[in-house]
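According to TrEMBL:
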- 1-21: region 'Disordered' (REGION)
- 100-313: domain 'Aminotransferase class V' (DOMAIN)
- LYS202: N6-(pyridoxal phosphate)lysine (MOD_RES)
- ARG347: substrate binding site (BINDING)
Amino acid sequence: MPASAPRATSDTGDDFLLTPGPLTTSRSVKEAMLHDWGSRDGAFVRINREVLEALPRIVNGEGDYVAVPMQGSGTFAVEAMLTTFVPPDGECLVLVNGAYGHRARRILDIARRRSVVYETPEDVPPDLAEIEALLARSPSITHVFAVHCETTSGVLNPVEEIGAVARRHGKAYLVDAMSAFGALPLDARAAHATAIAASSNKCIEGVPGLGFVVARAVDLAAAKGSATTLSLDLHDQWANFEKTGQYRFTPPIHVIVAFHQALREFWAEGGQPGRLARYEENRRTLVQGMRALGFETLLPDALQAPIIVTFHMPADPRFAFQEFYDRLKDRGFVIYPGKLTVADSFRIGCIGRLEASHMRLALDAVRDVMAELGVVSASPRRAA
Ligand SMILES: *Cc1c(COP(=O)(O)O)cnc(C)c1O
């Protein structure tokens, strides 16, 4: 990098994380962690209770739904949800169009829960009529699992419509809403969701370390004794909160206190609609600017969630992804490699404490790096 290349930094001097998570967080969220609390400290117990009370509201579930936290990354919450709600004699239909659907299948396999997979390509949402037909001919299926925004590609899956189909066939419905929770509208009741898993470090913009499951209380009560692990048993975790207000095992206290601050900032921004508006503006700015440079998106705009955008690799042989990645990082922007089977690609995230002005700085950096590499067009098609 020429010594003169400008480096953009966040308000704490860090790179901007244009990734699927962990993400750029606000200074105030990080500052909330500058204290120690005991896990039985009254102030911490209150903060934790406020966090748990806020989460069902984000998916319009207050009254019928409760939030159960799970120490660990988002996958811990997904594993807790699947292994608490799908009993050992259950069978789960897993809708797969990316890595997170595959991961759910793997969790079920390891936990020796039976599953059936309906897979579509990474840029194609599942077909509702196909799900309908599958459920109609498979009475042994007890649960349906779907991913809201499949972060592998950024594709938006029709979670509420899938829930309606599951409901018509009397199936329980489990949703991995990790990368969408708090940004994309999701109504737990309208989706007929049994449980929805997400985490602290995606669209709520906390730091990583806490997953959670928003579950319908009657279904959670009925799941007593189904779990096959101690630490991931959501019913046991919940029952203990009901009884003592405490975690069973050491909670990630600093993460929870930062999450509490992140939720304050979330409500101050107007909750889910406010957050969605900022992310949509980020996506619009990013996609317009990248298209102006010749880049092409994997997904048509109608299937593209404002969470993370997948771009095709340019065809120009002077474009070397590692070099592109490293030079953007030198300028303060961390992007993400693709992991698609359908196309050679990379990803740029729209979520985290970022605004359109940051996306414009990132676009300036992309333009500069392309010029340095001598890439004239970013088109994925070879010039004729
Ligand atoms: C981020 C994410 C997860 C969880 O990933 P962790 O690395 O365990 O936090 C699960 N599902 C989806 C769709 C995600 O985007």
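In case you wondered, yes, glycine gets a Cβ from its N, Cα and C as well.
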Averaged over the domain 'Aminotransferase class V' (100-313), what pLDDT does the prediction give?
97
On the DSSP side of things, how many residues of the region 'Disordered' (1-21) fall into helix, strand and coil, could you say?
0 helix, 2 strand, 19 coil
